[in-house]
Structures are given as structure tokens and as C-alpha cells.
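Enquirer: Below: one structure in C-alpha cells.
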Amino acid sequence: VLSPADKSNVKGVFAKIGGQAEEYGADALERMFATYPQTKTYFPHFDLGKGSAQVKGHGKKVAAALVEAVNNIDDLAGALSKLSDLHAQKLRVDPVNFKLLGQCFLVVVATGNPALLTPEVHAPLDKFLCAVGTVLTAKYR
């Protein structure tokens, strides 16, 4: 459960990276594909090379979903309901992949803004990304 301080820290991170969120989303995907090659199986029709327009496009969607979640941090389930349905019912993405992408997103934030990711910010951001993953996998049952 995210505390009020956690929510404030998460909102602060996204306020600082807002203009770069799409780039961060694409970078996180690239890192996930490189580090966890099994995740590529969900994108057989994509050019997965570095700087690929398709990866950038999907990174934009990832960023938009995270921004939507931040903007509705008190109702993550409501904000991400359609996305949860899509991933559970149609795409059937392995739930572990959300955790992997979240970890890659943390790495991107850390490398892009090392001073931003203090322990006081890292823990709430990790909790938030885990909460997003939990919501996205809630409809798998």
C-alpha cells in the first residue's frame, strides 16, 4: 500500500521526468529485451533493434500508462482496467514480465537521473511499479 508520502514521491519523480517519459519507456523496453530475451516472444512482428520506431512507439504507450497511473494513483485499478483486460484476455502476457519491465524502468530512472533516485524515492517508486504490475495481472484469474 502506498502511503501519502510514497504517492508524493512518485508524483515528484514523474514531474521531473515528464518530458522524457516516452524516451524512458522505450529505453526500459530495450533493456528488458536485452536482459530478458524471452520477453521478445510477445513482439514477433516488431523490429526490436536499438532505436526501432516500433519499440519507441510501444515505449510511448508504456509511458502513457504509467503517467495515467500516476495521475490516478488513488484508483490504479480503475485507471488501468482496460489495459489489464487487454493484457490478460487478449495478449496473454506472462505476468512476470510486468515486474521485469518495472525493474528496467527503475534502472532507466537511476541512470538518467542518479541524484533523483535516493533511497527515499527508490522504495516508493518500486512499490508503485509493483502495484501497477499487480493491477495489470489482477484479471488473469
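From the backbone N, Cα and C atoms, a Cβ is placed for every residue, glycine too.
From Swiss-Prot, for reference:
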type	residues	note
BINDING	HIS58	O2 binding site
BINDING	HIS87	heme b binding site
DOMAIN	1-141	domain 'Globin'
Enquirer: Using DSSP, what's the helix, strand and coil tally for the domain 'Globin' (1-141)?
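Expert: Residue counts for the domain 'Globin' (1-141) by secondary structure: 111 helix, 0 strand, 30 coil.
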Enquirer: Cα of HIS58 (O2 binding site) to Cα of the residue listed as 'heme b binding site': how many Å, rounded?
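Expert: So the Cα of the residue listed as 'heme b binding site' lies 14 Å away from that of HIS58 (O2 binding site).
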Enquirer: Which entry in the list of binding-site residues, HIS58, HIS87, has its Cβ near the fewest other Cβ atoms, using 10 Å as the limit?
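Expert: Relative to the other binding-site residues in HIS58, HIS87, HIS58 has the fewest Cβ atoms within 10 Å.
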